[in-house]
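Colleague: Just lifted these from Swiss-Prot, have a look:
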- Glu92, Asp115, Leu117: Mg(2+) 1 binding site (BINDING)
- Asp115, Asp118, Glu280: Mg(2+) 2 binding site (BINDING)
- Asp118, Gly119, Ser120, Ser121, Asn211, Tyr244, Tyr262, Leu263, Tyr264, Lys274: substrate binding site (BINDING)
Amino acid sequence: MQKMRTLGEFIVEKQHDFPHASGELSSLLASIRLAAKIVNREINKAGLADIIGASGNDNIQGEEQQKLDLYANEKFKAALEARDQVCGVASEEEDEAVAFNKELNKNAKYVVLMDPLDGSSNIDVNVSVGTIFSIYRRVSPVGTPPTQEDFLQPGNKQVAAGYVIYGSSTMLVYTTGNGVNGFTYDPSLGTFYLSHENMRIPENGKIYSINEGNYIRFPTGVKKYIKFCQENVPEDGRPYTSRYIGSLVADFHRNLLKGGIYLYPSTQSHPNGKLRLLYECNPMAFLIEQAGGLASDGVHRIMDIKPTELHQRVPFFVGSKNMVHKVEEFLETYPD
């Protein structure tokens, strides 16, 4: 029987894949692993503790912050600061980027951008939620505080990205630009084990994931694509199946494994889309491309978009390569 590899062992094995390998990125990923375990523990007992429901505060996007959002945000910040590999973080839950002021942190080479708890409004109904993270090498001089430019880098500059999905089992999925690998958490041992090696998304899928309750507000091209998905064309594998959980990590994870497309287009009320380029779209785009899929805003490759602000939003289409190409065709054919 083949020995099961832990996340820690796998990271060490793959360390030579990292440019300028020095062990720092390995240690940074270990910090994320630790914070994920802590957050997973709290999520699993959320119904028994006073940490579900809203905190009474809004984040910078004007969205009501959930108590676990804030808890996860603090735990990930603390874990990342403690190891001295990160000079600062930008979080969906913070108005501005946070610089770590310890001298060792100023000498760190990396910044982290994160959505500490995606889909947190679903916790009280026991739906899967997740953490999304993105890692960049800083562009400002080492030894100085991080600058805005360190965080406003296009997705094609990411050195690592991933997510943790807290569901029926907890998984950590990540890439460093050399494929995508998934690790399942064994709570009895407190260890992540390699369970999904070299994950690949099928070029064609049969699942489309979109909140069809907003159909009337969608661009014409997206409406036409939805009708295309629903057409009865058995020789082409249609109609496709509609599956939408409302938690990006959960919808993305299913489509990565099964093949499919996730769509969050612009609407009349959100002309730039609703998902955040830096905290959600870029890391998911890096993962999907490494798994053989595509991510687009309907016109441009997501990872080629140059960010102009920390909380920038974009339309988002991500998943199986041929499905993303098809929705781009509809958007080009039916411009609004």
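The first residue you see is number 1, and the count goes up from there.
Cβ from N, Cα, C; glycine included.
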Colleague: Give me the CA-CA distance between Glu280 (Mg(2+) 2 binding site) and Leu117 (Mg(2+) 1 binding site), in Å, as a whole number.
Modeller: 11
Colleague: Out of Glu92, Leu117, Asp118, which of these binding-site residues is nearest Tyr262 (substrate binding site) by C-alpha distance?
Modeller: Asp118
Colleague: Would you list, in sequence order, the residues of this chain other than Glu92, Asp115, Leu117 that have their CB within 8 A of the centroid of the site's CB atoms, where the site is the one recorded for Mg(2+) 1?
Modeller: Asp69, Ala72, Asn73, Ser91, Glu93, Met114, Pro116, Asp118, Ser120, Thr131, Ile132, Tyr279, Glu280
Colleague: Once the chains shown are all counted, how many other Cβ atoms turn up within 10 Å of the Cβ of Glu280 (Mg(2+) 2 binding site)?
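Modeller: I count 27 other Cβ atoms within 10 Å of it.
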Colleague: Mind checking which of Glu92, Asp115, Asp118 has the fewest other CB atoms within 10 A of its CB? They're the binding-site residues.
Modeller: Glu92
Colleague: How many whole Å apart are the CA atoms of Asn211 (substrate binding site) and Asp118 (Mg(2+) 2 binding site)?
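Modeller: About 16 Å separate the Cα atoms of these two residues.
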Colleague: In angstrom units, rounded to an integer, how far apart are the Cα atoms of Asp115 (Mg(2+) 1 binding site) and Tyr264 (substrate binding site)?
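Modeller: Cα of Asp115 (Mg(2+) 1 binding site) to Cα of Tyr264 (substrate binding site) measures 17 Å after rounding.
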Colleague: Would you please pick out, from the binding-site residues Asn211, Tyr262, the one with the fewest other Cβ atoms within 10 Å of its Cβ?
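Modeller: Result for the binding-site residues Asn211, Tyr262: minimum number of other Cβ atoms within 10 Å at Asn211.
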Colleague: Measuring Cα to Cα, how far is Asp118 (Mg(2+) 2 binding site) from Glu92 (Mg(2+) 1 binding site) in Å?
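Modeller: If we compare the Cα positions of Asp118 (Mg(2+) 2 binding site) and Glu92 (Mg(2+) 1 binding site), the gap is 9 Å.
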Colleague: What is the interatomic distance between the Cα atoms of Leu117 (Mg(2+) 1 binding site) and Tyr264 (substrate binding site), given in whole Å?
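Modeller: Counting only the Cα atoms, the answer is 18 Å.
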Colleague: Among the binding-site residues Leu117, Tyr264, which residue has its Cβ surrounded by the fewest other Cβ atoms within 10 Å?
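Modeller: Tyr264, out of the binding-site residues Leu117, Tyr264, has the fewest neighbouring Cβ atoms within 10 Å.
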Colleague: Between the Cα atoms of Ser120 (substrate binding site) and Glu92 (Mg(2+) 1 binding site), find the distance and write it as a whole number of Å.
Modeller: 12
Colleague: Look up Ser120 (substrate binding site) in the DSSP assignment and report helix, strand or coil.
Modeller: helix
